[in-house]
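One structure is given here, and the rest of the page talks about it.
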Amino acid sequence: LHFCRQRGTKDKEDQEYCLGYPVSIFFIVVNEFCERFSYYGMKAVLVLYFKYFIGWDNDLSTTIYHTFVALCYLTPILGAIIADSWLGKFKTIVYLSIVYTIGQVIMAISAIHDITDTNRDGTPDNMTFHTAMSMLGLMLIALGTGGIKPCVAAFGGDQFEEHQEKQRSTFFSIFYLSINAGSLLSTLITPILRAQECGIYSKQSCFPLAFGVPAALMVVALIVFIAGHSMYIMESPKGNILLRVMKCIGFAIKNRFNHRSKQHPKREHWMDWAEEKYDKLLIAQVKMVLKVLFLYIPLPMFWALFDQQGSRWTLQATTMDGNFIVNPILIVIMVPIMDSAVYPLIKKCHINFTPLRRMTVGMLLAALAFVAAALLQIQIDQTMPNFPSSSQIQVKFLNLENTSVPVEVEGQEPFAVPGFDVSSNNDTSNLNIFSKSWKTIIKRKVTNGSIQDIEPNGIHMAWQVIQYFLMTCGEVVFSVTGLDFSYAQAPSNMKSVLQAGWLLTVAVGNIIVLIVAEAGSLPDQWAEYVLFASLLVAVSIIFAVMAYFYTYMDPMEIEAKFMELDPEEKKRKELGMTTKDNLAYVNNETSNNTDDKQMKI
């Protein structure tokens, strides 16, 4: 009772606090933990599901994986429109979480091989059904997880009062920590669940359980979030703000084009050409949003590298020895270290480590991570065996149980392989024996009636810790800072929209991966890693230049200039309350810049 109490203000009446934080945020953090467990748990085995259950090759599995991730980050703009325009953040989160849960359940059902295994041989007889069900499930998941992404973080920020900039900044760090705590546990647990054997008629790798547990966690996330509804601060939607913004921008462009002759005087900003139809407050808010969105243009390149941890880096790990999970563990460790040790130390050294400078450093660290991945790939390639030519027969074996399985190879006498499970496709010149456990594959060549062992790759997965450490450090200083920056620089009625814009950069990054990976003709994987690293370094330089000329804004101060303050706002202004952490951004920036760099739009 001494730590948790009820405290109200004119803004947030009867708000309950615990240890200086609104009690409501604890429901939001737990909800985010469970939702991220659900998402990352499903995604941890998704590429393996494509490859070993559906039967797609590496390239198609990678393509579909990044397409799904891109959809997950394209749909946030839809969620932002719904939240800011019609339903509000709370209802948007609830309704789309229901869609999300349904998608996870469908995904789990799609992985039940017994549904179409009519002859009970352990192989689905109608793979089209399973593929269609999985695609439907993934589309619903993309709509659900993407739709709530811009709302949850912004909804958490809404729970704080204007003068609680320090607490709100800490909340975003805890919020991001909960994301990676959920990711850590899910990426540890779901592969273990997948490795179990389950089934009604025949035992197979348990993808239904690996997808079913994340579905159950999504149900928990929904229940926890609804349970805290009486404590939330819920701001009413402001109307279809995105539509108004688009119309305002369109009118400004049209009006400027119609008055392009020299006889018309120039205006300070091209958006000022909308003044004939729209009020100055909306124009000022649009200017703020456009200013930040312009800064977002280089950011997708970071995500193009970051999200390859779930595709290219995972496939790289399959060619190595061992079993190693790195990124979520490092995130859980690095977030508190950065907040409690690194950033305070930098501040004591009188270094003005502004948010945009942090993000630049994060991009460079991600580029270094891909250089490390390229160096590791070179070592892997040097230790890889020489595979048979097209004139030779290659057979893959996986040790499963103590049985002898007859193998027939065209042109060879039948022979028995003890302790191996075998399946073949229609092409008898190249038998494919698929693994139920993707981690260990023994390859042998069948040439002239003899079986020749090929030694497995001896490079351990632990070598990936270098690239994961660099990528994790980059993620912490880039992504956590970006979330906070997007909220702080957003106008009061467009926070979800700007959060969606931030998430949209992730979608564009995954599209870049598809373009480079599919259109590129690089013969070696290490060369592709170097290409991505080089592109990010170039983009980082461009972003650093853009950040140098960016001046931080105080959205509430700017908005106050264009509207008549109501009595409550006047009282807050008289009490000297400032908005969130924008003032801190302004003070940090102006203290190190020359006097001629003024706060302006």
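Using the three backbone atoms N, Cα and C, a Cβ is placed for every residue, glycine included.
Given the structure is predicted, the values throughout are model-derived calculations rather than measurements.
Noted in TrEMBL for the protein shown:
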type	residues	note
TRANSMEM	37-56	transmembrane segment
TRANSMEM	62-81	transmembrane segment
TRANSMEM	93-112	transmembrane segment
TRANSMEM	132-157	transmembrane segment
TRANSMEM	169-189	transmembrane segment
TRANSMEM	209-234	transmembrane segment
TRANSMEM	288-306	transmembrane segment
TRANSMEM	326-346	transmembrane segment
TRANSMEM	358-380	transmembrane segment
TRANSMEM	465-485	transmembrane segment
TRANSMEM	497-517	transmembrane segment
TRANSMEM	529-553	transmembrane segment
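Recorded stretches compared: 37-56, 288-306, 465-485, 497-517; the one with the most Cβ pairs under 8 Å to the transmembrane segment (529-553) is 288-306. Count of Cβ pairs under 8 Å against the transmembrane segment (288-306): among 37-56, 169-189, 209-234, 358-380, 497-517, the largest is for 497-517. Stretch with the largest number of CB pairs closer than 8 A to the transmembrane segment (62-81), among 37-56, 93-112, 209-234, 465-485, 497-517: 497-517. Looking at 37-56, 209-234, 465-485, 497-517, the range that has the most CB pairs within less than 8 A of the transmembrane segment (169-189) turns out to be 37-56. Between the transmembrane segment (209-234) and the transmembrane segment (497-517), the number of CB pairs under 8 angstroms, six or more residues apart, is fewer than three, so the stretches are not in contact. Counting residues 6+ beyond its ends, the transmembrane segment (37-56) has Cβ neighbours under 8 Å at 62, 64-65, 68-69, 100, 104, 107, 111, 113, 127, 130-131, 134, 141, 145, 182-183, 185-187, 189-191, 194, 205, 207, 210-211, 213-215, 217-218, 221, 310-311, 314-315, 328, 434-436, 438 in the same chain.
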